[in-house]
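What TrEMBL says about this one:
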{"type": "ACT_SITE", "residues": "A:C77", "note": "active site, nucleophile"}
{"type": "ACT_SITE", "residues": "A:H175", "note": "active site"}
{"type": "ACT_SITE", "residues": "A:E177", "note": "active site"}
{"type": "DOMAIN", "residues": "A:9-193", "note": "domain 'Glutamine amidotransferase'"}
Amino acid sequence: MKVAIIKYNAGNIKSVLLALKRLGLEGTLTDNPEEILAADKVIFPGQGEAKSAMRYLKSRGLDQVIKSITNPFLGICLGLQLLCEHSEEGDTPCLGVFNSQVKKFPDHLKVPHMGWNTLSESADPIFKDIQFPAYFYFVHSYYATVSAQTLSQTDYMLPFSAVLKKDNFYAIQPHPEKSADVGEQFLKNFLFNI
Amino acid sequence: MLTKRIIPCLDIKNGRTVKGVNFLELRDAGDPVELAKLYAEQGADELVFLDITATNEKRKTLAELVGQVAEAINIPFTVGGGISTVEDVSVLLAAGADKVSINSAAVRNPQIIKEMADEFGSQCIVVAIDSRLVNGRNLVHTHGGSVPTTIETEDWVQEVVALGAGEILLTSMDHDGTKSGFADELLARISSLVNVPIIASGGAGNMEHFFDTFTTGKSDAALAASIFHFKEIGIPDLKAYLKEKNIAIRI
């Protein structure tokens with residue numbers, strides 16, 4: 001199985017590569033459109049800032065490439081937010097795969113939302129063999145609103161999208177690669193069960 | 001619900017785990033990679049690696065060790081000790097660390113916090129503060145808590161958060177090694193001053209102390225070393241105890 005990890009100007013890519021390695025897979029870090037389109041699975045990770053990330057993706061035509069992918073695709077953290085319609089971070093139009101809006105957590109909360117929080121129950125195959133309430137590790141200051149595409153939500157004073165799905169596109173706000181055995185199971189499901 | 005975090009701290013010297021009693025006497029408690037794996041399996045929510053001698057001996061934290069840890073565990077971890085430049089941070093994050101913690105370097109040059117946060121994001125910049133009560137004032141200490149400054153801890157916390165610190169690791173030097181409980185009064189005050197997560201450190205002696213710091217101390221996370229390393233408290237037991245006391249905890 002060929003797993004492509006989209007290379008762009010966002011951090012936290014190493015931990016995804018290492019998580020794949022723990023599952024016995026070697027991911028290819030690439031920004032080459034042909035390589036991305038030829039992959040069986042595509043992971044779009046990232047931690048960073050929405051505006052500069054979108055600028056980078058557009059400058060390499062990766063925005064169009066991502067939208068044209070038909071194989072299973074998984075956005076993580078900033079990856080999820082960039083797949084939404086629009087982000088308040090830098091007032092940035094995003095890829096629009098999901099119709100959620102990305103907003104900043106209100107000021108009265110401790111921001112970033114950092115630590116382990118629960119995901120609401122879902123019967124989607126991406127959650128195979130995962131017990132609920134499932135704890136995942138989050139680090140983020142912006143959140144995606146809940147929509148009909150929300151598979152699972154999390155509460156941090158307000159409910160937001162923890163996992164989104166549309167056709168072949170999945171996205172998860174917390175970091176499965178840092179979410180202990182549950183996170184490992186989630187990645188395993190995406191890689192071997194979707 | 002966002003849970004409170006239990007964080008074992010692995011103090012590192014020459015690639016081995018040590019824990020100082022009041023930072024002066026060091027005891028050997030094992031191989032950091034093996035210990036990290038064990039803690040992750042036992043349910044630790046996060047790990048912190050502090051190269052405690054790095055500042056004094058002008059050494060850089062071992063990126064190689066960070067790489068081994070990142071390969072071995074599937075929970076987040078922070079690395080600190082002797083980090084003073086944007087380049088230091090870049091090397092450690094590239095090696096697989098999720099966050100870095102800076103201490104003395106931030107006191108020396110507060111602007112470095114802003115530079116690091118601008119480059120890598122606040123979420124991965126932890127500012128560690130060693131505080132000790134001197135004539136009724138909580139003063140920031142540097143170099144592993146050995147050098148006092150004239151900066152008040154309460155002022156410093158607000159300044160570092162304004163500069164971009166994403167999290168505060170507050171060690172009370174008065175409590176560290178005493179096993180008499182965390183500095184909950186100071187921690188609660190700090191928590192009311194800033195809007196970022198606070199990690200309590202120094203003074204854990206029994207399970208009640210964790211309950212106290214999550215309630216009275218308003219801490220978001222609690223860090224301890226020797227009580228975990230020497231199996232005085234098991235992480236599964238601690239988490240079960242806290243859960244029973246209605247603290248939001250990941251089991």
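The backbone N, Cα and C atoms fix where each Cβ goes, and this holds for glycine too.
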Completion exercise
Whole-number mean pLDDT, the domain 'Glutamine amidotransferase' (A:9-193), equals 95
Fill in the blank from the handout: A:E177 (active site) -> DSSP, reduced to three states, gives helix
Exercise for the section: Would you mind checking how many other C-beta atoms are within 10 angstroms of the C-beta on A:H175 (active site)? Expected result: 25
